[in-house]
Amino acid sequence: MNGARAHAADTHTATDRTRHDAIDAASPAPLAAHLAADLPVDLDWPPRPRDDHDALTDAGAEDDLSWASLMDEADGRGPLHHGDPFDDGPPPDDEGWADHAAMNAMSGADDRLRDDDDDTADRQADASPGPDQDADATPADDPFDALLDGQGGGRGRAPAGAADADPPRDAADAGSGWPVRGPQASTPGPGHLPPAQDPAAPRRAASAGTTDEDDDDDSPLLGPALAGHGPALGAEALAIGLGWHLRQWSLAAGADARSAQAAAQAGRRLSRALADGHVCLQLDRLPPLPDGAHWRDHLLASRVCGRPQDAATQGLPLVLDDAQRLYLQRQFDQEQRLATRLMAASRAPALAVPDAVAHQLRALFAPAPGRTAPVPDWQQVAAALALRQRIVVVSGGPGTGKTTTVVNLLACVLTQQPDARVALAAPTGKAAARMTEAVRQRASGLPEHLRALLPTDSYTIHRLLGVNPMADGGFTHHAGHRLPLDLLVIDEASMLDLSLATRLLEAVPESARVILLGDKDQLAAVDSGAVFAELSASPHLGAATTTALDALCGLAPGTIRAPSATTDSPLQDMAVWFTQNFRFAADSGIGRIAREMRDGQADALVDGLRSGADPSVRWIEDAQPQPAAAVWQAIEDGLAPLFALAATRTPDPQALTAQFDRFRVLCAVREGERGMAAVNARMTRLARERLGAADRQPQQAWYPGRPVMVLRNDPVLRLFNGDTGLCAPDADGQLMVWFPRADGQGLRAVPPLRLPEHQSAYAMTVHKSQGSEFDAVLVLLPERPTRVLSRELVYTAVTRAKRAVCLAGPEAVLRAAVASPTRRHSGLLARLREQVLIGRPE
Ligand SMILES: Nc1ncnc2c1ncn2[C@@H]1O[C@H](COP(=O)(O)OP(=O)(O)OP(=O)(O)O)[C@@H](O)[C@H]1O
């Protein structure tokens with residue numbers, strides 16, 4: 001996740017472990033004994049890790065669906081006798097089977113695995129410092145020129161045969177030139193965290209003495225049986241576990257064996273679909289059952305699956321709606337709650353806009369002298385809509401003026417109500433900090449008295465809601481205890497998954513305005529759902545609304561005509577699209593390739609890349625398993641200024657951070673020779689060589705200039721999954737890790753030994769880069785098409801770049817990505833339509 005990964009991973013860890021325990025405790029001994037009698041001997045365990053091309057909901061994925069094969073599949077019976085990580089021994093009794101929390105727990109565990117899928121820590125093999133090959137190398141004057149023209153000249157190449165062994169951390173730290181400040185050594189000062197009580201201490205104590213690499217184990221939920229097997233296997237184990245539990249529950253409830261088996265199979269596929277970001281499983285995309293049997297009939301006979309409209313089946317673990325969508329109860333419930341909340345906002349009467357505010361709206365969006373604004377000005381339309389409506393969704397690519405619009409909207413709202421309680425938030429700390437800074441910059445043209453009223457801080461959504469493991473749903477603020485707000489702006493809202501979007505909107509008072517900003521063409525949330533894309537798919541404005549907006553914006557009647565919707569959504573008067581880019585000219589390199597990717601124009605994209613016509617875009621065609629020398633060179637050139645700064649006597653944290661934000665390697669995948677971990681490992685070696693060359697004795701885990709990304713939320717330290725920091729000495733010469741402050745003003749220091757789980761961050765996955773921007777990026781594609789590659793992924797990657805982008809990979813992989821737009825199965829629109837029927841008078 002997310003981000004998300006922007007999920008409260010720490011919070012979830014505890015919760016999910018509890019749920020997992022509940023599942024284990026729920027195993028019924030009598031059933032297990034009964035099943036043991038007919039266990040197959042040739043079980044597929046451990047299950048085959050799914051290969052890159054396994055489309056989890058692909059109808060053709062498993063076509064041998066004879067009843068015998070269904071019975072024999074590793075749907076639960078296998079793991080029971082082959083070291084099933086879910087089976088902790090003889091189950092105590094069968095009472096727990098009635099507890100469908102166990103099934104929801106599977107869903108929660110899936111959520112966590114999505115997080116791990118993206119977050120699996122760095123298993124880097126650091127190198128001892130090698131011989132000084134090029135100590136005197138000076139970085140290119142402008143690293144991006146070098147990156148783009150490929151004229152790096154071999155600076156700082158890692159020496160062949162450099163050892164890959166990491167020195168033992170403690171020993172190395174003790175003998176190194178850089179002291180590493182631990183929790184006790186920390187002296188509070190400006191920007192330093194106090195040596196506070198640390199609830200995470202027991203967890204860290206448990207891993208005390210481990211190396212960074214040891215810390216990176218990503219399988220706390222699954223236990224030793226799956227350690228090191230990677231997230232695909234973990235997700236598969238969860239799917240198997242869910243199938244197994246459904247089958248047991250179904251049999252225990254008196255269902256016939258075939259229906260129980262169908263429930264197990266469907267549950268297993270549903271679990272995989274959730275792990276792939278879908279909210280539900282489309283039954284009509286599954287291969288037919290043998291003997292002409294219907295999935296639906298068997299599922300409804302399985303006694304673990306109910307229809308939404310049947311009160312008697314409420315509380316069963318599976319829900320099957322009339323359009324063949326199969327859900328876990330939890331996701332169905334969230335979809336229904338979100339639809340209810342959205343429809344309530346949509347039905348609320350429009351807010352009155354006083355004349356003074358309308359006047360201000362026209363003044364703020366007046367074109368600059370000498371310029372003609374497009375008619376209508378969609379920025380103005382969006383702001384006008386947000387003055388009238390409770391929830392507004394603004395979708396636009398980078399640089400289309402979303403922040404500018406919000407600043408002007410805030411100015412209008414604060415004119416009307418100077419004491420309005422306004423909050424800015426985003427799914428990640430980085431995005432939140434960027435928004436604070438962008439709002440500050442865009443507000444420079446506002447009158448001083450309005451500027452003074454603008455928020456000076458942004459929140460991560462978790463911080464806004466208040467992560468609280470003891471509270472209902474894990475947050476302090478929820479439907480029963482709403483946020484004290486009049487207006488909430490959420491940036492990077494495309495990263496919101498169904499669960500977080502539901503909780504967030506439920507926690508906002510119905511009287512408040514919510515503005516969701518994002519880009520519908522970017523990657524959706526790592527977890528289930530694509531709420532932002534679904535809400536922004538329909539930019540339809542009703543006739544009454546366009547009439548009112550024309551008047552508010554001072555336009556002639558009939559001027560505003562919304563684009564046609566791409567879906568038949570019952571929501572209207574909610575979404576606005578921004579298409580004009582004010583940062584890049586329409587024909588600029590980055591803008592052009594982003595548009596071609598978004599629109600699926602692979603031929604034009606490849607032709608443009610090959611031509612090399614635009615100096616801001618570079619293409620390194622590279623189809624080998626190992627990145628080509630030119631790719632490594634481009635990466636080294638991009639990082640050379642950071643290494644050079646880090647090797648100075650007293651590297652300045654602020655300067656290092658600014659330099660680090662200028663260039664990033666974005667990888668589509670984590671593992672493999674072209675994955676994030678491999679790039680991080682190689683760049684770590686290189687960094688150490690450079691520091692060694694500068695006589696900085698960098699054998700330790702912590703060295704100046706080491707960038708790290710936090711992988712687990714730590715509310716006490718106010719560090720969240722995805723936050724990046726840089727290691728640099730403080731005024732006392734102690735190595736600290738420096739993170740941007742939430743208010744975007746400067747940095748704060750955290751002692752390295754207090755950090756929650758983290759990894760080096762020279763390279764990051766594209767998923768993790770959402771919400772961040774860099775001057776230049778190098779996008780490293782894998783050698784073959786993989787399941788994670790999509791149009792949205794490459795679009796998101798290139799739009800992280802502000803000045804220059806370098807794409808490296810095989811043409812076939814790029815084409816395959818552009819030809820693969822993501823579609824997430826969900827029933828949100830169906831739930832919204834149901835709400836329309838519910839609200840319709842008899
Ligand atoms: N209507 C406009 N006319 C001229 N320039 C504009 C207009 N709107 C925005 N800009 C400029 O375009 C740039 C990008 O604007 P802004 O930051 O608001 O876009 P954004 O969509 O929020 O971008 P990002 O998604 O990257 O944060 C800024 O320099 C801003 O001043």
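Cβ coordinates are placed from backbone N, Cα and C, and glycine is handled just like the others.
Computed from a predicted structure; not experimentally measured.
Taking TrEMBL as the reference, the stretch among 1-29, 697-725 described by the feature region 'Disordered' is residues 1-29. GLY396 (ATP binding site) has a Cβ environment of 24 other Cβ atoms inside 10 Å.
Mean pLDDT across the domain 'AAA+ ATPase' (388-521) comes to 92 in this model. Using the Cβ center of GLY396, GLY397, PRO398, GLY399, THR400, GLY401, LYS402, THR403 for ATP, the list of other same-chain residues with Cβ within 8 Å runs, in sequence order, ASP519, PHE578, ASN581, PHE582, ARG583. Taking Cβ-Cβ distances under 8 Å and a sequence gap of 6 or more within the same chain, the neighbours of GLY399 (ATP binding site) are ASN581, PHE582, ARG583, PHE584. Around the Cβ of GLY397 (ATP binding site), a 10 Å sphere holds 23 further Cβ atoms from the protein chains shown. Listed in sequence order, ASP519, ASN581, ARG583, GLU773, THR799 are the same-chain residues at least 6 apart in sequence whose CB falls under 8 Å from the CB of PRO398 (ATP binding site). In the domain 'AAA+ ATPase' (388-521), helix, strand and coil residues by DSSP number 58 helix, 28 strand, 48 coil.
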